[in-house]
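For reference, the structure discussed in these notes is given below.
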Amino acid sequence: MSASDHTFAPIKEVFCSVQGEGPYVGTRQAFVRFSGCNLSCNYCDTDFANPGTCDYEQVEGSGSFEKSPNPVSTEELEAMLQPFEKLHSVSLTGGEPLLHANFIEKLNLSSPLYLESNMTLPEHARKLSGKVTYVSGDFKLPEAIRSICPETREAHVENTIECFRLLRKNSSRDCFCKIVINRDTKSETVNLAVEAIAAYVSCVILQPETPIGSEVRNTKFTQASVQNILKLQKNLLEMIDTRIIPQTHRMWGCL
Ligand SMILES: C[S@@+](CC[C@H](N)C(=O)[O-])C[C@H]1O[C@@H](n2cnc3c(N)ncnc32)[C@H](O)[C@@H]1O
Ligand SMILES: Nc1nc2[nH]cc(C(=O)O)c2c(=O)[nH]1
Ligand code: SF4
Ligand SMILES: [Mg+2]
């Protein structure tokens with residue numbers, strides 16, 4: 001096989017852990033974190049820069065990493081994931097995994113694929129409709145992507161709704177929506193977002209923002225009050241199963 005027969009992607013890390021967010025919290029997963037993102041969310045907790053090498057955990061759960069040159073081929077990634085046993089699914093995250101839809105399309109894995117996405121790239125999402133079994137779609141409210149111009153923000157919202165439609169729940173795929181909630185979150189934008197995608201998802205998760213950086217010392221600065229989050233949930237329960245679930249992996253320090 002020549003090099004041109006391979007498909008490659010820049011991957012930051014590959015490791016075994018448990019899902020820390022949403023309705024599948026606690027399920028055992030391999031995580032594949034792709035580099036690069038098309039957004040820059042205010043609250044993002046992840047370094048998704050493209051490193052020269054991919055860190056991969058040779059022994060599941062060991063927290064000890066080997067390095068492999070980037071970009072990684074589909075065959076190399078399949079080999080990295082081979083030792084991980086008893087997986088519920090393989091989480092494709094990032095950065096933004098939809099940027100690497102061509103690579104994901106070619107992956108040949110025995111575990112179901114769990115896509116963790118910002119849902120703003122419908123042309124890429126379309127390619128994965130028959131490929132992913134779980135879709136964890138994060139709806140980025142306009143407040144979360146303040147730094148971009150209003151026209152682009154509006155386009156992102158339209159694209160998000162289209163991604164949820166393309167990857168909606170069906171008899172062989174679950175699709176749910178997460179929304180990160182902080183002090184600036186407006187109930188009107190949450191309601192509009194959920195109204196637009198409620199028919200496509202099995203539930204909505206309100207995910208309180210976990211403080212990052214200097215905010216850790218002053219959580220009141222960014223966090224929404226308990227009362228406000230409960231109020232948001234009550235409104236949404238008129239429409240759809242709505243749960244409040246914080247990021248649990250951050251509580252016990254797993255990856
Ligand atoms: C790092 S993103 C990568 C996947 C994709 N780009 C996305 O945004 O869903 C994975 C998840 O982390 C969540 N997240 C990032 N920073 C967070 C924070 N400070 N508090 C709560 N959730 C956060 C995102 O909302 C998203 O659900
Ligand atoms: N344990 C764990 N659960 C997660 N769920 C979504 C994550 C992500 O960064 O996409 C993540 C993560 O980084 N770790
Ligand atoms: S879309 Fe995901 S990875 Fe990209 S900046 Fe937002 S939270 Fe971070
Ligand atoms: Mg994370």
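Here the Cβ of each residue, glycine as well, is placed from N, Cα and C on the backbone.
Listed features, source TrEMBL:
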type	residues	note
BINDING	Val18, Gln19, Gly20, Arg33, Thr93	substrate binding site
BINDING	Cys37, Cys41, Cys44	[4Fe-4S] cluster binding site
BINDING	Tyr43, Cys44, Asp45, Gly95	S-adenosyl-L-methionine binding site
BINDING	Thr46	Mg(2+) binding site
DOMAIN	24-255	domain 'Radical SAM core'
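Of the recorded residues, Thr93 (substrate binding site) and Cys41 ([4Fe-4S] cluster binding site) place their C-alpha atoms 15 Å from one another. Fewest other C-beta atoms within 10 angstroms, among the binding-site residues Cys37, Cys41, Cys44, are seen around Cys44. Put simply, Gly95 is the one of the binding-site residues Cys41, Cys44, Asp45, Thr46, Gly95 whose Cα lies nearest to the Cα of Arg33 (substrate binding site). Proximity to ligand 3 (Cβ under 6 Å from any of its atoms) holds for none of the binding-site residues Val18, Gln19, Tyr43, Asp45.
Looking only at the binding-site residues Val18, Gln19, Gly20, Gly95, the one with its C-alpha closest to Cys44 ([4Fe-4S] cluster binding site) is Gly95. Per-residue pLDDT, averaged across the domain 'Radical SAM core' (24-255), gives 96. For the binding-site residues Val18, Gln19, Gly20, Tyr43, Asp45, a Cα to Cα distance of within 10 angstroms from Cys37 ([4Fe-4S] cluster binding site) holds for none. Nearest neighbour of the residue listed as 'Mg(2+) binding site' by Cα distance, taken over the binding-site residues Gln19, Gly20, Gly95: Gly95. In the vicinity of ligand 2, defined as a Cβ distance under 6 Å, none of the binding-site residues Cys37, Cys41, Asp45 are placed.
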